[in-house]
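Quick look at what Swiss-Prot annotates:
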- 33-53: transmembrane segment (TRANSMEM)
- 83-103: transmembrane segment (TRANSMEM)
- 113-133: transmembrane segment (TRANSMEM)
- 139-159: transmembrane segment (TRANSMEM)
- 188-208: transmembrane segment (TRANSMEM)
- 216-236: transmembrane segment (TRANSMEM)
Amino acid sequence: MKIDPIHQFNIEPLFTIGHIGHQTIAFTNSSLYMLIAVAIISLLMLASGAQLVPGRLQSVAEISYEFVASTIRSTAGSEGMKFFPLIFSLFMFICVSNLIGIIPYTFTISSHLIVTAALALLVFFTVLIYGVAKNGLKFFSIFVPHGVPGYILPLVMFIEILSFFLRPVSHSVRLFANMLAGHIALKVFAGFVAMLGFSLGALGWVGGVLPLALTVALYALEILVAFLQAYVFAILTCIYLNDAIHPGH
């Protein structure tokens, strides 16, 4: 029995939309699950309503709203709430996409670097454009930390500038790598249990009890990671936006 933990990440075309020169434009499984994630979030927001006694959907929507709002206020202040639609959308999209990807035989959008890089670049250019538009040249004071001795200031400035422009890399790779590694580990453990059962029969299934228990534990951990990675992406977005809102702090 062959175990291929990488096959689950393959982007497969579902149907062709058209052609641009020699390049085929196709609707892929990645596109499909992006639409599914957006549809689930939209339905959650629309179905939550505004009842005096909140139901389950409204409770989920309200908890999500308050969680993101409190995260923004604690990291970027009340002025950061103007970015609430962006941060809330990013948090919900990543969280729902991650949770969908945990379901067997589905597709994990955030396990592809091109997707996480697009989200990280959106945050990066939002910070850069807003920071310059709001603060002018004062925005670049974030590259000059207070209290640094003059003789090492050029080195510190170089490090600060480098770290600023590397933010999209760390922001995107963190999410991508965690989701990729977790799903590969889950696939390997589950495949090992199945291989024992099919290869050794009843004896294999008995021997597979421990790996199966580890697979269940790993699956539960992946559910936690799905929420945690969405939170980490959102709070880093808040921290980066705080530089644009309060560049001198």
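Placement of Cβ uses the backbone N, Cα and C atoms for every residue, glycine included.
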Thinking of Cβ pairs under 8 Å, which stretch from 83-103, 139-159, 216-236 has the most of them with the transmembrane segment (113-133)?
83-103
Quick test of the contact rule: Cβ under 8 Å, at least six residues beyond the ends. What residues does that give for the transmembrane segment (139-159)?
131-132, 243-244, 247-248
